[in-house]
2 protein chains.
Amino acid sequence: MGPATGAADTGAADTRAADTLAVVGEVAALARIFPRLPNADAALIGPGDDAAVVAAPDGRFVVTTDTMIHGPDFRLAWSTPHDLGWKAAVTNLSDVAAMGATPSALVVAIAAPLDTPVALLEGIADGLRDACAAMSPGTGVVGGDLSVSNTLVLAVTAFGDLGGRSPVLRSGARPGDRVAVAGALGLAGAGIARLFAAAQSDQGTAETEPVAEQPVAKRPVADQPVAEQPVVERPGGARHPDAALGRAVRAAHPAIVEAQLAPVSPLGAGRSAAEAGATAMLDVSDGLVLDAGRIALSSGCSLELFHDAIEAEGRALRELDSTIGAEAEDFVLCGGEDHALLATFPPGAELPAEFRVIGEVRAGQDGHPLVTIGGRPYVRPGGWDPFDDWNGAVG
Amino acid sequence: MGPATGAADTGAADTRAADTLAVVGEVAALARIFPRLPNADAALIGPGDDAAVVAAPDGRFVVTTDTMIHGPDFRLAWSTPHDLGWKAAVTNLSDVAAMGATPSALVVAIAAPLDTPVALLEGIADGLRDACAAMSPGTGVVGGDLSVSNTLVLAVTAFGDLGGRSPVLRSGARPGDRVAVAGALGLAGAGIARLFAAAQSDQGTAETEPVAEQPVAKRPVADQPVAEQPVVERPGGARHPDAALGRAVRAAHPAIVEAQLAPVSPLGAGRSAAEAGATAMLDVSDGLVLDAGRIALSSGCSLELFHDAIEAEGRALRELDSTIGAEAEDFVLCGGEDHALLATFPPGAELPAEFRVIGEVRAGQDGHPLVTIGGRPYVRPGGWDPFDDWNGAVG
């Protein structure tokens, strides 16, 4: 991950880096973006015509769409352009993988303010390319749309191929099935909590400023546990995302902050789960308990998460970031944006290597909680919900 | 077209009409929107899981994506919610049709400010449904995403099935082919020019106000030709879209204003053209000359548009709106957003009934204009380009 890795035009780089969408215009901007986008093996007709044509060898295709909006979904003070492209790819491709499909292609619509540097769009393209190369080689961008807006928007639609298998839905879990997860839990939630707690300032800034000029050492960045840095409200303000502080927090807490800004999803595990006979599956994007509840509700079952397994997940999270204390289990259970795959497998199935068992499907009963942990209901302590929690700040 | 025709809950209608996205939340808003969306015959798995599964019977699918942004692409003062849904469907489905495909399905991502009435989103859903029913029965919405944003955004991705035919690209035109068009030319461009000229006021408003309280009669709405109402800049202001004036202009000029706000595209003509052997085709979205130039450039040819044919198109436009004078041909040639289909057919082909011949493909020569009219190059007088022309106003 890290910054964009595309070839830099070192000679004219300074001039080109300052070019905005308004100065360059749509056609020239697209000419700079197109060569950086990943090619799709499934593209029969790629970008450049009214529409693309994509191979769908088994006579069906899987499709999902997800949008990232500047403000509620990301802050330019904290995310690099490369992060944005990377995350836009992963959030969509993991939904395709969660159906048991192999990702094939993406279309990407970007709407950006006229003063947006074209270099920012190039960075997004590089992030899309690098995410596909890292997690789903052969997946590429087959089309898109570039338009102008007061708010930076990335709208991505992703496709996948089932290879003749049935799609794995949320509704197939049966009592006796094991509940298993592939990928990390809780890191992304811990990362965003840390950023909101320690990477905001009174003014905030998305500009690149020398970190040394910021009084980083005096701020509660790395030395104190998250519990002492409440996320929701701090007396005295500190409400705006701050780029220099964001970089400092990222350097001090790389595992959790990068899991939030540029998440890694075990995309191939979706197909493996389907081949192993998974009865239900989804992408953990809104927190483990909430998403497990969706399988439970769709399947008419209850999902018991083993207390020991959740403790083990919490320990793993604390090992990745030693400042995370007793709230580690809460991040695991309700952090959100994990992009892990949660699946249920029948008793006789051999689980793919990527999955670890964390619970069991039980019969659903009216009035019973749909998700229990160690036999008891879990009261969700909250979590980021843009419909409830976004204060309108952009940053 | 007209206002939303979905079943109104007459009992609780007043309360429900006032509900905003912030008050209702994502889940309840989706529960109100879902039942209004059109069903897709091709949906194997519809909305509700991580991804949808869509039939692609010939082992490929056609895909295109297009975004509509509040500000540069539409104004809530002029477009009803129903218009927005209708136009979002048409702009995408006509790109699918332009490949020679039959539209099958859409996914729709909407990002809206928290104070957006849920009724507005219901109106968008009704517009999507009614556009599909009117122009492409059996096409429906198979998935989507609802999120929050400071700017209202509709991002639509549309799919189509080629039925075993080859896609019709922009690159297949050959000297001797006839150039033909299906659908209307120039109306949408005349409509937006009329709105910018006569439906703005000093303050502007997107609120519903009694038209009678607006001094409509004193404003230059219906009586003066477009030429006397320059679009680009007016001394003394009048820069903000005004809802009451918009309604008055629409009532006085229904043909051109509705072609702009809720366009009709001959979607079935795309498949007919492919079956008739069309060698190249595209959706006329940026103006006839610009889009004809794209066929010419991709095909390495020149496109001659017959002077008589363009005059006939201009006469037809003047008949639809008698206040349009000598500039009718300019609207035909560069108005934009027509969503007509422009195709080239080999000499022996029998043209489908929807198409009328307007020109001929000629050999391309270096330095020659790619598009000529009556043998002479056409100097484009301008036209709406959000990258150059949008002043940042939303309205």
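Positions of Cβ are set from backbone N, Cα and C atoms, glycine also.
Features of the protein shown, as given by TrEMBL:
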- B:ASP50, B:ASP95, B:ASP283: Mg(2+) 3 binding site (BINDING)
- B:ASP50, B:THR64, B:ASP95: Mg(2+) 4 binding site (BINDING)
- B:THR65, B:ASP66, B:ASP145: Mg(2+) 1 binding site (BINDING)
- B:ASP66, B:ASP95: Mg(2+) 2 binding site (BINDING)
- B:ASP73, B:GLU337, B:TRP384: substrate binding site (BINDING)
- B:GLY144, B:ASP145, B:ARG170, B:SER285: ATP binding site (BINDING)
- B:ASP286: Mg(2+) 5 binding site (BINDING)
- B:48-160: domain 'PurM-like N-terminal' (DOMAIN)
- B:204-240: region 'Disordered' (REGION)
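Overlay of TrEMBL feature records on the structure.
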| residue | record | contacts (Cβ under 8 Å, 6+ apart) |
| --- | --- | --- |
| B:ASP50 | Mg(2+) 3 binding site | none |
| B:THR64 | Mg(2+) 4 binding site | B:ASN92, B:ASP95, B:VAL96, B:THR157, B:ALA158 |
| B:THR65 | Mg(2+) 1 binding site | B:ASN92, B:ALA155, B:VAL156, B:THR157, B:ALA158 |
| B:ASP73 | substrate binding site | B:THR67, B:PRO386 |
| B:GLY144 | ATP binding site | B:PRO47, B:VAL107, B:VAL108, B:ALA109, B:ILE110 |
| B:ASP145 | Mg(2+) 1 binding site | B:VAL108, B:ALA109, B:ILE110 |
| B:ARG170 | ATP binding site | B:ALA280, B:MET281, B:LEU282, B:ARG294, B:ILE295, B:SER298, B:SER299 |
| B:ASP283 | Mg(2+) 3 binding site | B:SER94, B:ASP95, B:ALA97, B:ALA98, B:SER265, B:ASP291, B:HIS339, B:ALA340, B:LEU341, B:LEU342 |
| B:SER285 | ATP binding site | B:THR91, B:SER94, B:ASP95, B:ASP291, B:GLY336, B:GLU337, B:ASP338, B:HIS339 |
Please list residues from the chain of B:ASP66 (Mg(2+) 1 binding site) whose Cβ is under 8 angstroms from its Cβ, counting only those at least six apart in sequence.
B:ALA88, B:THR91, B:ASN92, B:ASP95, B:ALA155, B:VAL156, B:ALA158
Which has the fewest other Cβ atoms within 10 Å: B:ASP95, B:ASP286, B:GLU337, the binding-site residues listed?
B:ASP286
Which of the three DSSP states, helix, strand or coil, fits B:THR65 (Mg(2+) 1 binding site)?
strand
Binding-site residues in contact range of chain A, given that the Cβ distance is under 8 Å, out of B:ASP50, B:ASP66, B:ASP286, B:GLU337:
B:ASP50, B:ASP66
Which secondary structure state does DSSP assign to B:ASP95 (Mg(2+) 3 binding site), in the simple three-class scheme?
helix
Tell me the residue counts in helix, strand and coil for the domain 'PurM-like N-terminal' (B:48-160), as DSSP assigns them.
35 helix, 46 strand, 32 coil
Over the domain 'PurM-like N-terminal' (B:48-160), what does the predicted model average in pLDDT?
97
